[in-house]
Amino acid sequence: MSSEKELQLVGEDYYSSLTELTFNSKPLITTLTILAQENISAAKYITNAIIKRITKCVPSQKLYSLYLLDSICKNIGSPYTVLFGSNLSNLFIETYTLVDDVQRKKMIDLFKTWKVTKSTSGMPLFPHEAIQMIEKFLIKVTKPNAQQLGNQQQRGNPLLHSNGQQFFNNGNINNKPQTPQTMTKSLISEIGNLQSIISGRLALNPNNAKDSQKLVILDQLKNILSSSALGPSELAGIQQQLKEFSSGEIQTTNPPVTNNQPIHIHTPPPNQGFVNNISSNSSSTMINANVNTMALNPAALLSSIASNNNHVQQSPSFTANNNSVKPNNIDMNTLFNTLQSTGLINLNKSGNMALHPPQSNKPGIIGGNVQPRKGPLKPLVNLPSTSILQSILTNTKQVKPKSDVRSALDYSDFLPTNSSNSSKLPNIREFQKLLFESKPIKCNNCGKRFTDTQESQNHMDWHFRINKRLKDTASINTRSHYLSLEDFVLFKESEILGEGGDSTTEANNDSRDVTTAPSDNSSDASKHYIVIPDDCTDMSTICNICKDTLKGVFHDETGEWVWKNAIQVNQKIYHWICYNETSSKRKAEEDKIRGVSKKPNLNGLKFDVSLLKSLSTINSLSTINPS
Amino acid sequence: MDSGGKSQVNIPAGSEWRFEVDFSQELTIKVVSGVVEINGTELPNNFDLKFKGVKLSIFCYQDSIIEYYGTFSSEYVSDESVVPQYVALHFALQNFRNKAATNNNLNAPRVLVIGGKDSGKTTLSKVLVSYAVKMDSFPMVVNLDPQEGVYTMPGALSATVVNDVLDVEQGWGQSILSGASAFHPTQPAVTYYGYDHINSNPSYYRYNIQKLASVVDKRLENDEMVRQTGVIIDTPALTNKDSSLIEEIVEAFSVNLIIVLGNERLFIDLKKTFSEKIYESLDGQKQFFNVLKFSKSGGCVDKDDAFIRARQQSLIKQYFYGDRKQVLSPYTITSIDYSRLSVYRIVESNKVNTTSATDNSENLDASSVLPIGMDAEEKALLEELEQSKADAAVMSASTVKKEQEKEEVPISEAPAEPEAIVTDGELIEKLEPESSSLQNAVIAFVHADIDEPMTKVLDSGVLCFGYISDANDLKKKLSVLLPVQGNLPNKTIVFGGFRYVD
């Protein structure tokens, strides 16, 4: 059960991950978006965290957090759109005044997309007041751009009408290309979001019968949406009501106190007005519906939610609904499962597919614009079309936080054959995207690429340690013996990555298979320390394995001066990592002498140091550390 | 050529900058801007890389600027490149891998790269390995070209799982060291063939292929990660005449994709040979199998014998002493009694008159043969030293002796099955240690104790290599340079035609 405090913690955690967003990293933004999606119940705090980040970070990095805001709003939509929307204009204008011209240009580009993009529910992304305010501001500050923006306004912006009914209509007109199917899908996803908000609130206050009932009704609504084919006008009705309902919900979840400004939503505030609106709407738009189908009428369902919320007298439609709620209530799990299996509420997929459209002219991490090679290359191999490549690139859904490029690639019709000479090779620009932009961080030392900063930081740490050891002329380095063929058969690369060159930490981050490693050495190491004895005068000592100096530091928890990451064995001090590494090797050697041979794990790739039988490694270590 | 201070070259996207650096020269390059690769491995920006004894091309994904200084033989920019084709091939393989990962009936790609001399086989192998590494997978590279040494000595055949980016200065990278390596080290399986030409003892060569193939097969069985990525096999120069050998390799390594570089006739022949096997679909109903043809890169250059010998000498030196990034300390054991050794010589059934390092002593005058980093003064010293050694004469005598042997040993045109060969003593022969054959020899200690039978010796992999710096028949003692400190390994020694001058 998550408490308010825990949600707050989620927000704080989120803020600390945000501090890594110091460059335009698509994977990072994707990850953060997914995080925001997963913790939708903490939406308020996540929103606050992002706003805080945008206002607090150095100007050069503000843009990336704005991209994140953009990504979240476009992919998840409500409640984030509403939460950000209330503060958007101030945030945007403040940021704009602080950043340099290049970033301003990019902000304008970003803003342009906000004007034309629809949220997942097909509604405008942000409240039009906010958009209008920003637009006015931009026109004022960018005279040369004014014309351009003006044009845009005439051409594509349907948001400039404020009247609720008109707005509603506009939404529809604008959604012409949106088929009922996609509309249904987006509606279902919106319902999913609402449900998670409500269940989040329910977790805080389990006794709230209204909330649990709302959940049931929403489920039913989902069911109706997915099972029956509704006409566009009906869908539109649901959409509108859902929108209003959700803003009511969000405001309930998010006490107005936290916002200095009134929330700019194009619907009246909840409670009485909300209900009135709903009932009037349902009477005006839905009244024509056959009374017999009333139980299946989604709009009526929504009204019933609203009524529940506000204790108004029951409308006829509500009673009708009540009848249908009960049987469905029993079968809720089945219902939910069916929905999932039909793929209709698989929000994640549809949500993330659209992350940062590939054509957007983002600043490439790997450098400026690239001139694609002119003229077609010699056709040799059947290759997928550009669009496939792009969609693969964009489909970052499959790229897990710890990105696995392999799974992001899907060349369904890509065969190692050179029979079809008619197909063209994609130009190198496409390769570049796949190979380099998917891993934006490049090591300055060896050119290796990484998807996230933590990985690359670990890699740089590894370089640092290796270089330090390589420069240390006192240590003798020799070529180890090769494995016997039998041992090679049983060998796993995880072992070599784990010990090759003091690369214990590297192993955990570098090789995917070591996730099964028994323990994370770095976190282990930090738990080990030795309190500096009183007779020690200069606060330092040396590790008996690597001969590095250990310096004393003050340990807050115990209030003593200590040597960190150290262990004392038989009066001798060692680095915890050094000791661990050698002792595990020693153990492996002892096992071998005793004839204890561990059976290789044939299924998984376990980090199994005992398999290491490289004699020389053991020899050389025992010469350094006679035991 | 000397750049005479720092120069810069602008390379447009999609073009290659090709350069050649002799063993006596050194070129330092630095990527100022852009995204560039050598054989599929991306170069770091603003980082000095030093090259010696290489013929390389740098492919540019973006308009790039490279700064360079030092000495070199040639450099030019070409707007032609085969890299996009290779990369396309890589993505096809990647699809292949993805399919194989979800379908148990389908093996991941096991690619055999074949072609004539200097057709870019190793380059393509490196590109495919590098790109697989970029996808965070662990490809296995199998080197069947004894002229080269991949993560090991020349003369050895090896199978190596590559777990990290390649070391572009070295070419591949290092096998595991006792201490730190600048790049992630590898743990190869090594068998010693002992000559640099496959015709020196075709039977033994095939025997080694079979041995390595069974090891690779078992490793793949045990190692899911590697199995899902597959194998890239680099080969010596092969032509139409070698089709039986190619068939044998395909069979042994369960190859499912053959890539022929720049040899149309070989391509057509192989298509015919394997016509029944070919199945161009990844649906898993049958094992995928195909033969593909790629054109030879315009950047391929001839590597003459002197260059190859110099490269081999430098690889041998690297094995013991490391390189500028990681300096190694080998260890010499002196006064080893002959009686403590069990020595086998790999029979040289055909005297191949090419680049074998056997005739090293005759070529010591050629500067290209000098070990890396040796200047003229040292060369003079070396010559003096060589002359003072009576062994030089003995060595040429040994060559004569070998030629006599050659007549005695029947040359098998069509080698029998390996099982049959084991018994007929034609592969390796037991030898009493003597300075005439062992002086300056590169020897391999195999994973077989000195008292174990010959069959065990034949079936064992290499533990480590050594170099006999001195052998004295009068005292019956010799000195061995070993990579690791400690006692002389109590293992059987196998040696072939490789000699080295420290």
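These residue numbers are counts, starting from 1, taken along the chain as shown.
Even glycines carry a Cβ here, placed using N, Cα and C.
Residues or ranges marked as domain 'Clp1 N-terminal' by TrEMBL: B:11-100.
Per TrEMBL, the feature ATP binding site maps to B:GLU16, B:LYS55, B:ASP118, B:SER119, B:GLY120, B:LYS121, B:THR122, B:THR123. DSSP gives B:GLU16 (ATP binding site) a strand state.
Under the heading domain 'Clp1 P-loop', TrEMBL lists B:115-322.
Residues annotated as domain 'Clp1 C-terminal' in TrEMBL: B:328-502.
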According to DSSP, collapsed to three classes, what secondary structure does B:THR122 (ATP binding site) have? helix
Would you mind checking how many other C-beta atoms are within 10 angstroms of the C-beta on B:THR123 (ATP binding site)? 24
Counting other Cβ atoms within 10 Å of each residue's Cβ, which of the binding-site residues B:LYS55, B:LYS121 comes out lowest? B:LYS55
By DSSP, how many residues in the domain 'Clp1 N-terminal' (B:11-100) are helix, how many strand, and how many coil? 18 helix, 43 strand, 29 coil
Output, ordered by sequence, the same-chain residues six or more apart from B:ASP118 (ATP binding site) with a CB under 8 Å from its CB, or 'none'. B:ALA237, B:CYS300, B:VAL301, B:ASP302, B:LYS303
The mean pLDDT across the domain 'Clp1 C-terminal' (B:328-502) is 71
